[in-house]
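A.B. asks: Annotations per Swiss-Prot:
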- Lys37: SUMO2 cross-link (CROSSLNK)
- Lys40: SUMO2 cross-link (CROSSLNK)
- 74-145: domain 'KRAB' (DOMAIN)
- Lys178: SUMO2 cross-link (CROSSLNK)
- Lys235: SUMO2 cross-link (CROSSLNK)
- 279-301: zinc finger (ZN_FING)
- 307-329: zinc finger (ZN_FING)
- 335-357: zinc finger (ZN_FING)
- 363-385: zinc finger (ZN_FING)
- 391-413: zinc finger (ZN_FING)
- 419-441: zinc finger (ZN_FING)
- 447-469: zinc finger (ZN_FING)
- 475-497: zinc finger (ZN_FING)
- 503-525: zinc finger (ZN_FING)
Amino acid sequence: MLQQLLITLPTEASTWVKLRHPKAATERVALWEDVTKMFKAEALLSQDADETQGESLESRVTLGSLTAESQELLTFKDVSVDFTQEEWGQLAPAHRNLYREVMLENYGNLVSVGCQLSKPGVISQLEKGEEPWLMERDISGVPSSDLKSKTKTKESALQNDISWEELHCGLMMERFTKGSSMYSTLGRISKCNKLESQQENQRMGKGQIPLMCKKTFTQERGQESNRFEKRINVKSEVMPGPIGLPRKRDRKYDTPGKRSRYNIDLVNHSRSYTKMKTFECNICEKIFKQLIHLTEHMRIHTGEKPFRCKECGKAFSQSSSLIPHQRIHTGEKPYECKECGKTFRHPSSLTQHVRIHTGEKPYECRVCEKAFSQSIGLIQHLRTHVREKPFTCKDCGKAFFQIRHLRQHEIIHTGVKPYICNVCSKTFSHSTYLTQHQRTHTGERPYKCKECGKAFSQRIHLSIHQRVHTGVKPYECSHCGKAFRHDSSFAKHQRIHTGEKPYDCNECGKAFSCSSSLIRHCKTHLRNTFSNVV
């Protein structure tokens, strides 16, 4: 297959393919696809030129002969590649589908421009869903002796001490001669007039056009540009193929340059290939497009923090982390909310704040479908489903869902109560507790039920009350299956199964499972004491 592909290519493309040494069948498919797309673009270009040049009779005659010769010489065999049974078996299903799509597309394009009249056998096989591989001797209909002789000519030229420029100028493409819109320009390039004079007679005898000097080619190319308004200019877009080779997409038309169009195509192709270079971390195998990103990533593994704050001495691994930190010292808050005018140090903080105005809650729990405006809110909520309490108090061992609850709890052990009520001088460990307490003096009840209008001083009390209307009982006993609206009711019920009685009477030592039962029991002692006094 590789020998066949090299024969159907011009010298520049043949040299470019050989330098890459494609061995596997998948590699050859990718290279073949790239080249066939160039063939299609040039075939369509010939048709466009015929349509756009209708002004003068002379130009119509010239283009008519050019199109006729192109139709005769550019056939489906020129843009197709066949496989042996062994090569076809090496292709993955995705590569086989790719081959089938491109072959059918190539045939359709040639039919549309009148370059293909009869349907090849491989197209019939592909349309029927059959495997298109051929016997070794039947590939492309090329006799084995002819194939070997043509291949040997080019391989021997590569092995001799001939420069790439001489090879480029000296070798002619055997199949595509005068009249092919793609290779007519390539066929006229030569290194110098000396090479032209040595090879002219031999080529004329074979029906090939003589090679001309680059100066002559440039003049003819300028005249050709005047006749044709549109020329192909390849715009490369890197698309990862089956083996990571670049493919070409989106061909556009533009004014031609002074160099060979196919040469420009190969240059752009090579540049696209170099752009695909990536950088991989040797430790975690993470891949980066730029070396500077890999350098920054490596500091995670090495622990290096080269960027240090001059105010407090805190160090950072990236300069982008140091800049927001310095705003703490300068007080700068460059990110402002357009709705309320509130400012923030970080753009992420502004984004989270804006969701308060928009009501957006992009983070949704998959278990209960509850939504949150911040990811941390979803993480904390998920712990309620799995009953995970990762934050543990070092003094008493009590665990909490959130770290702020742990911080609030730790104040109990220290005994610090910095928040004092101005009315009754009662002290509290948290500002929220003080705020809730002050509502007992003011009588404020800001949380109102939408169903019945009942108001509450705390949000938690409203949430518990709403379960009366919804009928939700989230606390279920694992022993008997009984459900409860309140966690306090659930805790009392659990003591029935465990037999726990934490409430003891100071008079007689009798124990009870509920505080209300202890209160009722204590009243019996009071009645007895009162009756004895009387």
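Glycine is treated like the rest: Cβ placed from N, Cα and C.
Looking at the shown structure, can you explain where the listed features end up?
C.D. replies: If you look at the zinc finger (279-301), the same-chain residues 6 or more away from its ends with a CB under 8 A from one of its CBs are 317-318.
Packing against the zinc finger (307-329) from elsewhere in the chain are residues 296, 299-300, 345-346: each is 6 or more residues past its ends and has a CB under 8 Å from a CB in it.
Beyond the ends of the zinc finger (335-357), by six or more residues, the same chain brings 324, 327-328, 373-374 to within a C-beta distance below 8 angstroms of the stretch.
The list of residues near the zinc finger (363-385) in space but at least 6 beyond its ends in sequence, with Cβ under 8 angstroms from a Cβ of it, reads 352, 355-356, 401-402.
Using DSSP to sort the residues of the zinc finger (391-413) gives these counts of helix, strand and coil: 11 helix, 4 strand, 8 coil.
Below 8 angstroms of C-beta separation, residues 408, 411-412, 457-458 of the same chain, each at least six residues beyond the ends of the zinc finger (419-441), sit close to that stretch.
Sequence-distant neighbours of the zinc finger (447-469) (same chain, 6+ residues past either end, Cβ-Cβ under 8 Å): 436, 439-440, 485-486.
Counted with DSSP, the zinc finger (475-497) comes out as 11 helix, 4 strand, 8 coil.
Per-residue pLDDT, averaged along the zinc finger (503-525), amounts to 88 for this model.
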A.B. asks: Can you tell me how the residues of the zinc finger (279-301) break down into helix, strand and coil by DSSP?
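C.D. replies: When I sort the residues of the zinc finger (279-301) into the three classes, I find 11 helix, 4 strand, 8 coil.
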A.B. asks: Could you tell me how many residues in the zinc finger (335-357) are helical, how many are strand and how many are coil under DSSP?
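C.D. replies: Each residue of the zinc finger (335-357) counted once, the result is 11 helix, 4 strand, 8 coil.
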A.B. asks: With Cβ-Cβ distances below 8 Å as the criterion, list the same-chain residues six or more beyond the ends of the zinc finger (475-497) that contact it, or say none.
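C.D. replies: Same-chain contacts beyond the flanks: 464, 467-468, 513-514.
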A.B. asks: How many of the residues that make up the zinc finger (419-441) does DSSP mark as helix, as strand and as coil?
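C.D. replies: Helix (H, G, I), strand (E, B), coil: 11 helix, 4 strand, 8 coil.
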